[in-house]
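Accompanying notes for the structure given below.
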Amino acid sequence: SALREGYERFDPRAYLHNNYRPPRADFSSEEFVVPWKLRCLAETFASGEIHGRTLIDVGSGPTIYQLLSACDHFEEIVATDYLAVNREELRRWARGDPGTFDWSPFIQHVCKIEGRGEPWQDKERRLRARLRRILPIDVHRAEPLGAPLRPRADALLSAFCLEAVSPDRAAFARALAHVSSLLRPGGHAVLLGALGESFYLAGAARLPVVPLDEGDVRRALDGAGFVLRQLRSYAMPPALRTGVDDVEGVFFAHAQK
């Protein structure tokens, strides 16, 4: 209930400003956190191993950057979030409404590192076309979508969600097990998340986060029935510790159910 109360004050625009503008979203060097995240995603999806009909993005928030490399490998992307304000932000971007957050620098950077010479507008159009469903989700329910996903997804992606909505490590592990039910056996999970973070700000909302280390991530994946394929971590440099959170680092994990 305390988490729900906090998220009622969540401001998507403040969250985007805090995390997806400079200095964190500085594309001049991969020493900055956003380019590091985009590189992890691009390299993992470039393998061609993760593909299929449906990708489900768990806890999308108001962001689409995490889907840019994935969208080339799936017919349909299902975005999800607990908050109506975040789902509306995604719908506005998908429709191309004026005044939405400008993701073009992110799309341009992904096209650059993917190295196919593709006009960034083509990738933007493709993601908009494949982002077909934007659904409410509650990762603390055994059926996070309220009913089984049929057919189950070929891949699951989740960025900075589960640790940010869980009061402790046990709840984080349970939430991961719940969302794994959305994924078919043999399907792939790609996770990004915070390490050593206890809070973050989003406008008037100060939101608690369960502080994780790499061992917590490994144990939760194992407990949810995943085989870990890759785990990388990034240490947040002092210049990017801007006071909007106390995050120490970021993890990137690729696992298979």
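Note that Cβ sites are derived from N, Cα and C of the backbone, with glycine treated the same way.
The shown structure was predicted, so the numbers you read here are calculated from the model rather than taken from an experiment.
Per TrEMBL, the features are as follows:
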- Y15, Y20, G59, S60, Y65, D81, N86, D138, V139: S-adenosyl-L-methionine binding site (BINDING)
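All features noted in TrEMBL, drawn onto the structure.
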residue: Y15; record: S-adenosyl-L-methionine binding site; Cβ within 10 Å: 23
residue: G59; record: S-adenosyl-L-methionine binding site; Cβ within 10 Å: 24
residue: Y65; record: S-adenosyl-L-methionine binding site; Cβ within 10 Å: 20
residue: N86; record: S-adenosyl-L-methionine binding site; Cβ within 10 Å: 23
residue: V139; record: S-adenosyl-L-methionine binding site; Cβ within 10 Å: 24
Give me the largest Cα to Cα distance among Y15, Y20, G59, S60, Y65, D81, N86, D138, V139, the residues the record lists as binding S-adenosyl-L-methionine, in Å as a whole number.
25
